[in-house]
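Look at Swiss-Prot and you will find A207, Q208, T209, G210, S211, G212, K213, T214 tagged as ATP binding site, backed by sequence analysis. Per Swiss-Prot, the feature compositional bias 'Basic and acidic residues' maps to 69-93, 666-678. What Swiss-Prot lists as domain 'Helicase ATP-binding' is 194-389. As annotated by Swiss-Prot, domain 'Helicase C-terminal' applies to 443-670. The feature region 'Disordered' is assigned by Swiss-Prot to 1-105, 402-421, 659-678, 752-776. Taken from Swiss-Prot, the feature motif 'Q motif' covers 161-190. Feature annotation from Swiss-Prot assigns motif 'DEAD box' to 321-324.
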Amino acid sequence: MDEDDGLLLNFAAPSSSEPTGNKAKKSGNKVTGGRWKDRRKLQLSLQGRGRNQKKEKIVATGVNSTDIDNSRLDRAKESLDTAKEKPAQEKRRVPTNQDHLGPSSKRIKFKETSGEFGGKNSSYVSSLFTSNEASSTLTPTDTSAATTTYLPSNAPLKDATTFDGLGLNDKLATHLTESLRFKAPTKVQRSVIPSLIATQRDLFVKAQTGSGKTLSFLLPIFHKLMSEEKYKITRESGLFAIILVPTRELCTQIYGVLETLVRCHHHIVPGIVIGGEKKKSEKARLRKGVNILVATPGRLADHMENTTSLDVSQLRWLILDEGDRLTELGFEETITKITDNISKNSKISETIHKYQGLPTERVNVLCSATIQDNVKKLGNMILNNPETISVDSNKQIEGTLNFDDEEEQNNFDSNNSEGKRMSAPDQLIQKILVVPPKLRLVALSAMLKKLSKETNSLDDGVNRRTIVFFSCSDSLNFHFDVFTRNGNMFKKRKNRETDKFETVEVPYYSKYDNEDDNEEDKPSILTAPILGSNSCVYKLHGSLSQQQRATTLQAFIKEKNEGKNSAKHSILFCTDVASRGLDLPNISSVIEYDPPFSVEDHLHRIGRSARVGNEGSAVLFLLPGNEEGYVDGKIRVVHPKEDNLRIISYEDVLKEGFAEPEEDQEEKKASTKPDPKKRFGKWDIHATTWHLDVERWLLEDSTAHDRAVQAFTSHIRAYATHLSTERSFFNVKLLHLGHLAKSFGLRETPKKLGKSVGGNTGLQDVNNSKKIKKEDPRKKMLRMAKMAINSNSSEFNY
């Protein structure tokens, strides 16, 4: 003690249970349960990082080792204790990828190392089966009960009426029944043919699509021309009939019907002039002489101004088919110019005594599926005191009236399905598929796979066909690329053994690396191995060249495809260019992937199926929410047979398309009850894998990705063009753009996609490593030449 300096040191040794130093701050007590705010406050308090912690926290020495002010900490602990006593259902669910301190950001980012646009560049991989809006008003229809089978409303008549009984030429009637295999006339043919043969009065024909309107006005013209015996009608006699139609495809189809009819009388010569073809060739055909001319309004007006060999002085019939579509495309002024030119140059009075069996004045015929205001305006311009013939499938109305008589017209409208609407065929089954936006692509794939399986299971040798309608050509091109990946193209090659040309499948290698490739250089017919071994996809829209459109349509119409591996299931991706008037054989199904822009467009689309008494089905894709009201607001009115309007579940469609064949059998054999919490089976894994393959393909191929972005933006623009009367169902402001972009295989945010398309840097900043290739001067010259040729055509490119 003597050596002691008098100082006494008091050391407070910490207990072994208490953490020391920074370890205490880092490890701390793990806090679980309760509100996030309370958990955060408690965690910070335990780490010594609370608000005003230095001022409020006073550490005592000696026996008192607790904080003086612990009121906030105690309140936080009490709130946690009460939260733990609440039932599990009321607890807030925390995603597995988050720690207990809460999310680090507003959205969860997933890193993708295999793709160019993955990882940090605003790329998000969302699940297909989460955050999907459920259907609120429409419930799936129970199809287990027996359904009523309705008789076809547009089938040929099965009574004693025949083509001979309608007053047609015996030779022509025999050709129809024996060579062309027409058994009996349809309702509209029974009403129109006698009227055109017996009278010279202008005519307005209203009938549903697929009812045989084309033959109803072609047969009387042929009958009259064939009946001239004293002065036989030849190509030198002149032009006697002009048929105006809105689209080139319908022109080609009517011309094909004319070619089959002239086989019984070779002296009559048909002709065709349409936009996209060479004017020089058309002028040569007109110079040789034609008796019946099928044309589009723009090209016909062009020839009337510039082709002197086109003589319309002897014109006896002017037929306007699809009058409602002619007015929608803005051809009123062109048609007025055509009719004025015909009236100005008419010289019928000079040949009345020569052709005594032909009309003494021009007969105008207007065919339309509806009597809308614009159609009435067109009728008032070209028709003179016309007779109206209408065939209503619902009330069996077959009558005539004065077109200009408002009182008679109003009475007719009230009896004839409100006069302004046509109806779907009675035998057509209309299905409504309400599918969330993220699942649109996989739902379409599942439906096409199902149809391919059904077609392949049938060994009757009949080629089934399906039509899928899109709202714009950009979306069509993207989906065509998706479903024809790794597909083969068809080429004709000479067989060395037989010395004949055969159609064979050749692997098609996509040229996406060449950014200067023109759309016309790519094939419009490819096989679809991802849908089935015997599936083939065609594309048809107005941006293709006329040669491609004609070749594609002709290949699709063929009864049997040539080649060893002929496609049994043919699928046509098209816009509304193929919705009017085209008579395509064996169309078993019509899929409206994008909603129509009007009810009339819907009826024309589904009218490609269930034609002339045949069975058919149609599927309309709708989004949950406001679009469901479109069924009761617009669709149900034009489908009078309620049993044939059915709501189907998208889960059932996905199961049928992606489920393995053994799964259904295992579920039936299983004796145990299924787990109610397990909503999905293996089919959802297959669907997710299929969709992820599409996304990875877009990440690996920059040009394909750009086409997907263009398709997405074009789809949104097309969606915004719905009629104002239907804006309550199709409101672009209510779309979930992020989920909709998912259906195009895109992982970027819609805002970033909009910047890339709008001309800003956008995605280009992400892909700085790739340099844009300079266009080859030779290819640029050829492309500019093609643009110049196309610009010379005055035909509306629809």
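Note that Cβ sites are derived from N, Cα and C of the backbone, with glycine treated the same way.
Overlay of Swiss-Prot feature records on the structure.
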| residue | record | Cβ within 10 Å |
| --- | --- | --- |
| A207 | ATP binding site | 26 |
| Q208 | ATP binding site | 25 |
| T209 | ATP binding site | 25 |
| G210 | ATP binding site | 26 |
| S211 | ATP binding site | 25 |
| G212 | ATP binding site | 23 |
| K213 | ATP binding site | 25 |
| T214 | ATP binding site | 21 |
Reduced DSSP assignment, Q208 (ATP binding site): coil
Folded-back contacts onto the motif 'Q motif' (161-190), same chain, C-beta under 8 angstroms, at least six residues removed: 154-155, 197-198, 205, 207, 211-213, 215-216, 219, 222-223, 226-227, 260-261, 263-265, 389, 391, 398, 612
The motif 'Q motif' (161-190): DSSP-derived helix, strand, coil residue counts: 14 helix, 0 strand, 16 coil
Confidence summary (mean pLDDT) of the domain 'Helicase ATP-binding' (194-389): 90
Secondary structure at T214 (ATP binding site), reduced by DSSP to three states: helix
